[in-house]
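> From Swiss-Prot, here are the annotated features:
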DOMAIN    29-282  domain 'CoA carboxyltransferase N-terminal'
ZN_FING   33-55  zinc finger
BINDING   C33, C36, C52, C55  Zn(2+) binding site
Amino acid sequence: MIKNTFSRKKYFALSRRMEKEEEEKKVALPINCPSCSARIAAEALQRNLKVCPKCQHHFSLSARERIDLMVDKDSFQEFDADLSSFNLLDFPGYQEKLEKAQELSGSREGIITGLASIDGHKLVLGVMESGFMMASMGSVVGEKVCRAVEQAMELSCPLLICSCSGGARMQEGMVALMQMAKTSAVLGKFNQAGLLYISLLTHPTTGGVSASFASLADIILAEPGALIGFAGPRVIKQTIGQQLPPRFQRSEFLLEHGMIDLLVERSQLKATLSSLLGLHQG
């Protein structure tokens with residue numbers, strides 16, 4: 001009996017050690033750039049803010065990574081962190097998807113909101129989390145966006161929302177679609193209050209998010225190479241039966257056609273935001 005007990009502990013310890021070694025190997029593996037196929041050391045990519053050093057392809061950031069990149073150290077104060085979705089329409093498998101998304105992303109929902117400062121400039125911030133069901137907009141995402149806007153109005157401070165989304169969350173049906181009108185309405189009040197709203201579009205920003213709050217800002221910024229649009233290019237091509245222009249729906253194309261105001265490299269993001277906030281508040 002004693003022998004068996006020791007054997008189990010030894011096996012458990014060995015198993016944990018092997019798992020740890022496997023995790024370390026995964027972390028150390030080089031990453032292939034999806035744009036230029038360059039092999040990049042994971043540490044080098046992290047040091048370069050997850051931007052390919054050869055072709056400048058911008059890899060996705062988690063919401064927490066983007067917050068750390070943009071705001072002053074220890075200035076972020078999250079609010080509404082306890083809000084999370086539930087299966088209000090009894091959609092098959094939705095509850096399991098929510099639980100899995102929370103586990104994988106470490107976030108309770110598809111957006112994180114809070115108060116922060118950028119070089120001392122106070123603002124309300126919302127950052128979408130692509131790791132949570134592709135940051136699709138359901139009832140809770142819409143509610144958190146609205147509460148962030150209302151908080152900015154109450155404090156009379158600027159609002160910054162960083163978008164990346166696959167669109168409305170299909171598992172919530174019309175409730176998800178209603179969030180487009182809901183967020184647009186509260187932003188209309190924000191605009192009437194004369195306050196500054198900056199929108200940062202990252203890869204990808206599509207569907208109901210691109211057709212609502214992401215496109216209603218006073219200043220619209222975008223990261224290079226981001227896919228931005230309502231329907232995807234393949235759907236549009238099949239619908240109209242024509243070849244699409246090169247780089248169609250990419251941020252560079254939208255800049256050329258007056259749909260966004262400025263392309264911002266990730267390394268310049270905080271400085272650019274600081275300048276815009278300084279001009280507005282100064």
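FYI, residue positions are counted from 1 along the chain as it appears here.
Note that Cβ sites are derived from N, Cα and C of the backbone, with glycine treated the same way.
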> Taking the center of the Cβ atoms of C33, C36, C52, C55 at the recorded Zn(2+) site, which other residues in this chain have a Cβ no more than 8 Å from that point?
P34, S35, S37, A38, I40, P53, K54, Q56, H57
> Go through C52, C55, the listed binding-site residues, and name the one with the sparsest Cβ surroundings, counting other Cβ atoms within 10 Å.
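Counting other Cβ atoms within 10 Å of each of the binding-site residues C52, C55 gives the minimum at C55.
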> Within the same chain, where does the zinc finger (33-55) have neighbours whose Cβ lies under 8 angstroms from its own Cβ atoms, ignoring anything closer than 6 residues to its ends? I mean 6 or more beyond.
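Same-chain residues near the zinc finger (33-55) but 6 or more away: 27, 61, 65, 69, 225, 265-267.
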> If you count, for each of the binding-site residues C33, C36, the other Cβ atoms lying within 10 Å of its Cβ, which residue has the minimum?
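Across C33, C36, these binding-site residues, the one with fewest Cβ atoms within 10 Å is C36.
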> So what's the mean pLDDT when you look at the domain 'CoA carboxyltransferase N-terminal' (29-282)?
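96, rounded to a whole number.
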> What are the DSSP helix/strand/coil residue counts across the zinc finger (33-55)?
6 helix, 3 strand, 14 coil
